Amino acid sequence: MSLFLKDDSIQIREVWNDNLQEEMDLIRDVVDDFPYVAMDTEFPGIVVRPVGTFKSNADYHYETLKTNVNILKMIQLGLTFSNEQGNLPTCGTDKYCIWQFNFREFDLDSDIFALDSIELLKQSGIDLAKNTLDGIDSKRFAELLMSSGIVLNENVHWVTFHSGYDFGYLLKLLTCQNLPDSQTDFFKLINVYFPTVYDIKHLMKFCNSLHGGLNKLAELLEVERVGICHQAGSDSLLTSCTFRKLKENFFVGPLHKYSGVLYGLGVENGQVAI
């Protein structure tokens, strides 16, 4: 499969509460053959900043992440599956399949949010009213995700970009609890639910000429976007293709020694970085 995908070769499968079971059944069928899972979330922004004294920037970043994830709700999750060669599943169709999960819990009328973030999501085509009406029940999704084979599985490689918040929202959903107080405990949960994680923003540290966010990196690597920016399905596909191009161009051999690190957080393999 070429990294230069065309819009008409991709099907972004919109998942709502009424088709959640059948789409999760498809995912269960593809994960063994396509064990690289690129992930992106959309959420209502960052609404609070902690005050006080912190030992490090990483401690401050985690406290900010924890506080916001605990009071906010995920709006959308995108998943793109691929294999070692970068091929995507077709699920018996003539198109490559990407999944976009739409959640119901966020309420524009009663929940706190960052106005600029919500306006950006609206401009990107996310219909918050439809999410409220037809969106997925998070607890039901968590139950299906737990039995899907994509979490708690060391053979699955999670691929992300600057993904502390993405994993924060998924952990909150999977555990039905607020995030732990300490980074060390947070990473213990990461290691249980997502044993193999690659954060592209961390990998970029080892590629001297690369910088910027996901869109800038994709542009530098000549990876074209399919779909709409700031929608989780399209962003997860761009993450997947960018990871593949980065791996091919800058790394030789397995990447395992780079796994388990989330950019901006000061914990590696459960140990707080000094």
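Cβ coordinates are placed from backbone N, Cα and C, and glycine is handled just like the others.
In this structure, E42 (divalent metal cation binding site) is part of a beta strand by DSSP. Annotated divalent metal cation binding site per Swiss-Prot: D40, E42, D166, D235, in sequence order, evidence recorded as similarity to another entry.
Sequence-distant contacts (6 or more apart, same chain, Cβ under 8 Å) of D166 (divalent metal cation binding site) comprise M39, D40, T41, T160. Neighbour list (E42 (divalent metal cation binding site), Cβ cut-off 8 Å, at least 6 residues apart, same chain): M74, I75, Q76, L77, L121, I126, H230, Q231, A232. For the recorded divalent metal cation site, residues D40, E42, D166, D235 set the reference point as the centre of their Cβ atoms, and the other residues of that chain within 8 Å of it by Cβ are M39, T41, Q76, L77, G78, A232, S236, T239.
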